[in-house]
Amino acid sequence: MKETQNAREKIKQLLHILIPIFITQAGLSLITFLDTVMSGKVSPADLAGVAIGSSLWTPVYTGLAGILMAVTPIVAQLLGAEKKQKIPFTVLQAVYVAALLSIAVLVIGYAAVDLILGRLNLDIHVHQIAKHFLGFLSLGIFPLFVYTVLRSFIDSLGKTRVTMMITLSSLPINFVLNYVFIFGKFGMPALGGVGAGLASALTYWCICIISFFIIHKNAPFSEYGIFLTMYKFSWKACKNLLKIGLPIGFAVFFETSIFAAVTLLMSHFHTVTIASHQAAMNFASLLYMLPLSVSMALTIVVGFEAGAARFKDARSYSLIGIMMAIGFSLFTAACILLFREQIAGMYTSDPDVLRLTQHFLIYALFFQLSDAVAAPIQGALRGYKDVNYTLAAAFVSYWVIGLPVGYMVGTFTSLGAFGYWIGLIAGLAAGAVGLFFRLAKLQKRYSQKQHI
């Protein structure tokens, strides 16, 4: 990354960082997509088992990965402040934290997974597939968490194309391994959906090893000498990392787990309603990738400028990123409005589900408009290391406003299932307003400091 002089240079640098992040996020989601689709070719039970296992794992992973993503703003600010000598120590401490988190997940997971699956009252065959899928997947938890740290380090230097290429290389690896273990090719036993867990675990080891060699051998990463000096574990550094990482992790967890909670609360509705809701929610999740990518890019560039005490530039980046996300959101809103029948048709051919999905997509339209404001502001605030407010905003907007309002409207009015979407939209909109005022207040404070 480099210092920019005008808005045109800022837009160019932001896009240079943003586009690879977007492709990376899409690539990571495709791994889960491949697991689910290829497992579904074996049997409905395999599809259900993998889908349930993935739905349990995703909130846990995204929340804990959020903790490790604290590396991005920390390293970006060290880079901006020209304190490069502190970066290897910071990255290695994050790897130690990744190892501790891996151990914690393995211990708790092995103790609790049977209990959790038992509470879901699943068919015994589906229960066993989900259990063993998660068991095999757990073999890749440590490399996945270490990769998250290494990816955050690479991204913080503005070299997001590198992580993009690593992620894209993982897709054919995952596809081939799925083919081998799910269907039993090249002398391997046919494990069905369970094999998708093993394939994903081995894929995580591959991308971790690839990242390690890139950091060790290729400039500019090799210039930092990561892993050349094995620093001792530091509780102080760990606490500093967790001080920023825990609020990020919990905020991400609150965001991802709310959708699972809504789906569970909607379980008493007709199958057609649930299927339509899931289709619209899946499409909304796909649209969320862009504001999420803008958010991650803003964390990098705002952190870089804030670390260099160029607060005016940090503010400009924030505004550009927010406007970029809103512009894309308005475009996708128009597409939903005009092509909602075709969008619904990608998910189903059932006429009842098709009709109802189109109605849900109208709510998805307003949902993603709120996301376009909230997500980039969260990223900008994290660039300033202002993470506690984003945690509070995520909790209040989803769990204090969104879910209760959704439950009340969905249960006690004629809107039914649509009420849950109204609740989520109301909560997210309220959170976006709160985040906007927080960012404005923070930037005003830093602007005053710059003029002193």
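Keep in mind that glycine also has a Cβ here, set from the backbone N, Cα and C atoms.
Listed in Swiss-Prot:
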TRANSMEM  14-34  transmembrane segment
TRANSMEM  56-76  transmembrane segment
TRANSMEM  97-117  transmembrane segment
TRANSMEM  129-149  transmembrane segment
TRANSMEM  164-184  transmembrane segment
TRANSMEM  195-215  transmembrane segment
TRANSMEM  244-264  transmembrane segment
TRANSMEM  284-304  transmembrane segment
TRANSMEM  319-339  transmembrane segment
TRANSMEM  360-380  transmembrane segment
TRANSMEM  392-412  transmembrane segment
TRANSMEM  417-437  transmembrane segment
Two-stretch contact, the transmembrane segment (164-184) and the transmembrane segment (14-34), at least three Cβ pairs under 8 Å: yes
Same-chain residues near the transmembrane segment (129-149), Cβ under 8 Å, at least 6 residues beyond its ends: 45-46, 48-50, 52-53, 56-57, 61, 64-65, 68-69, 71, 91, 94-95, 97-99, 101-102, 105-106, 109-110, 113-114, 117, 122, 192-198, 200-205, 207-209, 211
Intrachain residues whose Cβ lies under 8 Å of the transmembrane segment (284-304), provided they are six or more past its termini: 1, 10, 13-14, 17-18, 21-22, 25-26, 29, 72-74, 76-77, 79-80, 155-156, 158, 160, 259, 314, 317-318, 321, 324-325, 328-329, 332, 364, 367-368, 371-372, 374-376, 378-380, 382-385
Beyond the flanks of the transmembrane segment (319-339) by 6 or more, those residues with Cβ under 8 Å of it: 7, 10-11, 14, 18, 287, 290-291, 294-295, 297-298, 301, 361-362, 364-365, 368-369, 371-373, 375-377, 379-380
